[in-house]
Amino acid sequence: MRRLVLLLAISLLLYQDLPVRSEFELDRICGYGTARCRKKCRSQEYRIGRCPNTYACCLRKWDESLLNRTKP
């Protein structure tokens, strides 16, 4: 009976998504200073690679109309 309780407790601990890294490493700057390290990129961000802490390097999407502006 003890083994069953022990196995249940261990499986519950392993099932949880325990943070391996500190919370300070979540919003680190990556991508030559233009992006952020996140567990998952937000809906308005592109994933451009991986951070040293194995999280995704997320770059904010930009409005293409701002890039193609021409002065009259």
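Backbone N, Cα and C atoms are what each Cβ position is placed from, and that goes for glycine too.
Residues annotated as signal peptide in Swiss-Prot, with sequence analysis given as evidence: 1-22. Swiss-Prot lists C30-C57, C37-C51, C41-C58 with the feature disulfide bond, giving similarity to another entry as the kind of evidence.
Here the candidates are the disulfide-bonded residues C30, C51, C57. The one whose C-alpha lies nearest to that of C41 (disulfide bond) is C57.
In this structure the alpha carbons, written CA, of C57 (disulfide bond) and C51 (disulfide bond) are 6 Å apart.
Geometry remark: C51 (disulfide bond) versus C30 (disulfide bond), CA distance 7 Å. Within 10 Å of the Cβ of C41 (disulfide bond) there are 19 other Cβ atoms, across all protein chains. The CA atom of C58 (disulfide bond) is located 8 Å away from the CA atom of C30 (disulfide bond).
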